[in-house]
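K.L.:
This is the feature table in TrEMBL:
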DOMAIN    23-165  domain 'Lactate/malate dehydrogenase N-terminal'
BINDING   Gly28, Ala29, Ser30, Gly31, Gly32, Ile33, Gly34, Asp54, Asn114, Ile137, Ala138, Asn139, Met248  NAD(+) binding site
BINDING   Arg101, Arg107, Asn139, Arg173  substrate binding site
DOMAIN    167-331  domain 'Lactate/malate dehydrogenase C-terminal'
ACT_SITE  His197  active site, proton acceptor
Amino acid sequence: MQFSRNGIITCEIVSSPPQNNAKVAVLGASGGIGQPLSLLLKNSPLVGELSLFDIAHTPGVAADLSHIETRAHVTGYMGPDQLDAALKGCNVVVIPAGVPRKPGMTRDDLFNTNATIVATLADAVARNCPEAMICIIANPVNSTIPITSEVMKKYGVYNPNRVFGVTTLDIVRANAFVAELKGLDPARVNVPVIGGHAGKTIIPLISQATPKVEFPADQLSALTARIQDAGTEVVKAKAGAGSATLSMAYAGARFTFSVLDAMNGKDGVVECAYVRSEETECKYFSTPLLLGKHGIEKNLGLGKLSAFEENLVAEAIGELKGSIKKGEDFVANMK
């Protein structure tokens, strides 16, 4: 399965030879995101070993996936006692662990539970595979990336070029919604999305979309709001049965494959992600990134914004700063 094509992602089965033997860990592999994400990773020639961890059911998930006729060797680990073993020698760690949103919940409502989970997992990564690429899906991403960074700093192993908040679902949604409105092939649409990964911090740059598209002001405003609130759209549609799991698994796989492609030396791999940044007054900010063998090769910045987009950025800064501080304070106050 190959996902990258000039920064645009498609899902197609290819018969290319295995490109490497990356060991990828999925922490939270038995959950609503973790299972379909693990399936997509198992199907990729980029993955040599798939290490699955969760607090329950992982041996069953691993056994099920191990019957698939692809080369990735799958191992399941369950419970805190097996976490260290799951992470030994991993090149990439993907973390969808945590509790999902329910109707009426914001991503911030998840904070206390998921903050503790992410801090515990980041601690284990720092001890067992500190040089791995860390891809955080667990919400609220605006806070869980600062948490991961602060935990890594405690061990003296923090590398800002290797810690990513996976915001790819916002890009995937933007591409799908723009394509729907304009009658385009969604696989050919690419809309950068910057800022953060919650509500008004999600800033789609429609003015920078390829191919170029234009919308009247009222339609642009409605489209932007839909992209920002798309997660809630799914939570409501599932009526208490969960949040965005399948689309998030697809987006998480897309981002992981881009990281692996770049690690293998592929040129021109660009993805947006929420990372340590000097691009705005926020310590962390999502922008398009050129990925390389060692993580972020170059931050491509915000680019030229329209007046509408500049206003969106200005409105997002305060909320982002608060979420970042909340994450940093959580680690500072940990016992």
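Including glycine, each Cβ sits where the backbone N, Cα and C put it.
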K.L.:
To the nearest whole angstrom, what is the C-alpha distance linking Gly34 (NAD(+) binding site) and Asn139 (substrate binding site)?
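P.N.:
Pair distance, Cα basis, whole Å: 14 Å.
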K.L.:
Given a 10 Å Cβ-Cβ cut-off, pick out the one of the recorded positions Arg101, Arg173, His197 that has the most other Cβ atoms nearby.
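P.N.:
Comparing the recorded positions Arg101, Arg173, His197, the most crowded Cβ belongs to His197.
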K.L.:
By DSSP assignment, list the helix, strand and coil residue numbers for the domain 'Lactate/malate dehydrogenase N-terminal' (23-165), in that order.
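P.N.:
The breakdown for the domain 'Lactate/malate dehydrogenase N-terminal' (23-165) reads 65 helix, 30 strand, 48 coil.
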K.L.:
Taking the Cα of the residue listed as 'active site, proton acceptor' as the centre, which of the binding-site residues listed as Gly28, Arg101, Ala138, Asn139, Met248 lie within 10 Å of it?
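P.N.:
Among Gly28, Arg101, Ala138, Asn139, Met248, the ones whose Cα sits within 10 Å of that of the residue listed as 'active site, proton acceptor' are Asn139.
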K.L.:
These are the binding-site residues: Ala138, Met248. Which one scores highest on other Cβ atoms within 10 Å?
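P.N.:
Of the binding-site residues Ala138, Met248, the most buried by Cβ count within 10 Å is Ala138.
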K.L.:
Please report the distance from the Cα of Arg101 (substrate binding site) to the Cα of Gly28 (NAD(+) binding site), rounded to the nearest angstrom.
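P.N.:
Arg101 (substrate binding site) to Gly28 (NAD(+) binding site), Cα-Cα distance: 15 Å.
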K.L.:
On a count of neighbouring CB atoms within 10 A, which of the binding-site residues Ser30, Asn114, Asn139 is highest?
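P.N.:
When each Cβ's neighbours within 10 Å are tallied, Asn139 tops the list.
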